[in-house]
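J.: Straight out of TrEMBL:
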type: SITE; residues: Cys176; note: site 'Transition state stabilizer'
type: ACT_SITE; residues: Asp256; note: active site, proton donor
Amino acid sequence: MRVDGTWFRTIWLKDESTVQIIDQRHLPHDFVVEDIRSVEEMCMAIKDMHLRGAGLIGCAAAYGMYLACLRSLPCTKAEAKEHLAICAQRLLATRPTAVNLRVGVERVQAVLDKLLGGSEVDREALQLAAREEAKKVTDEDASFCEHIGEAGAKILEEIHRKKAKLAEPVNVLTHCNAGWLAFADWGSALSPVYVAHNRGLPIHVWVDETRPRNQGASLTAWELAKHGVPHTVIADNAGGHLMRRGLVDVVITGADRVTRQGDACNKIGTYLKALAAKDNEIPFYVALPSSTIDWQMKDGAEIPIEQRGDEEVKYAEGLGEDGKRRKVLLTPAASPAGNWAFDVTPARLLTGLITERGLADSSEEGLRKLFPEVKLA
């Protein structure tokens, strides 16, 4: 994504000891780059949502394992393995729902385990291997998302061909932020929008505000504006009304975990959008890289759903007229609040899954056709 004339990914190496990220807590009003120099700082960045999004969390976790190698590793293999295992568990404990986090940790850990099979601990070799694998995880994430864009753009082009007036835009509704800011680059749900827009297809995006953290209003709207894509921010509960009025052509969301039978876990509120889309016969697609598929899990009911603090629901933050950030209380101070971060949409409500290898039916058979090499344990 180009920001003020400079091309950015969401995570990158500044130098051999510093990972840099875009601190998304400050968007859309301020663009802040944060330095991360330790696995502890990376854990805090993930847990406190300096960065977020399934793919980006996986990239950050991989770089977190690299930062763990920069510490003075113990001299013995057993001690080094214990140190890295502890760091891996710290990263895994930050956020439980997105499977990409586990994938990022395990990929770097597997590379390190091979090197620790020798007779000595070669610190430089461990650091180099971890850095290269973290970079590979990040590059793959960006590449997968670009291919998702190519596959999804075909769907948007087909919808446009069927419209009565070709000058009318394709109206896409999306929930939360599954764009460039949620991955290394491009995004999942927004990648088809960007590819289609770049090709000159008229596109308009309905952006759910996505309470309680307002990731649609603050992040998706910011991204789309930077890319020049027409969009409108709407209240979370407006989607069903727009569908009934014929103002939505297709719904595309991302996912934080998809089971092998196609159940999709995404930001809280996605399930309600899928129900409304089904009732109004509007196609509903989930866009995801294969790193988001949990092949070991069949039923979406098994997915752990993160519960966050009630302050995210009770308070809202924004800019005052004086340009200063303010946090305001929305509820009675004594009222408790529940804050489930995700919900699960059953495969039966999905039209299909848009992956880097193309479109899959939302079923185990459909996913296995695209990924025949996957073997279940």
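The backbone N, Cα and C atoms fix where each Cβ goes, glycine too.
TrEMBL entries are annotated by machine, without manual review.
Since this is a predicted model, take the numbers as computed values, not measurements.
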J.: So for Asp256 (active site, proton donor), how many other CB atoms are inside 10 Å of its CB?
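T.: Looking across every protein chain shown, the total is 30.
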J.: State the count of C-beta atoms found within 10 angstroms of the C-beta of Cys176 (site 'Transition state stabilizer'), not counting that atom itself.
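T.: That number is 28.
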J.: Measuring Cα to Cα, how many angstrom lie between Cys176 (site 'Transition state stabilizer') and the residue listed as 'active site, proton donor'?
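T.: So the alpha carbons of Cys176 (site 'Transition state stabilizer') and the residue listed as 'active site, proton donor' sit roughly 11 Å from each other.
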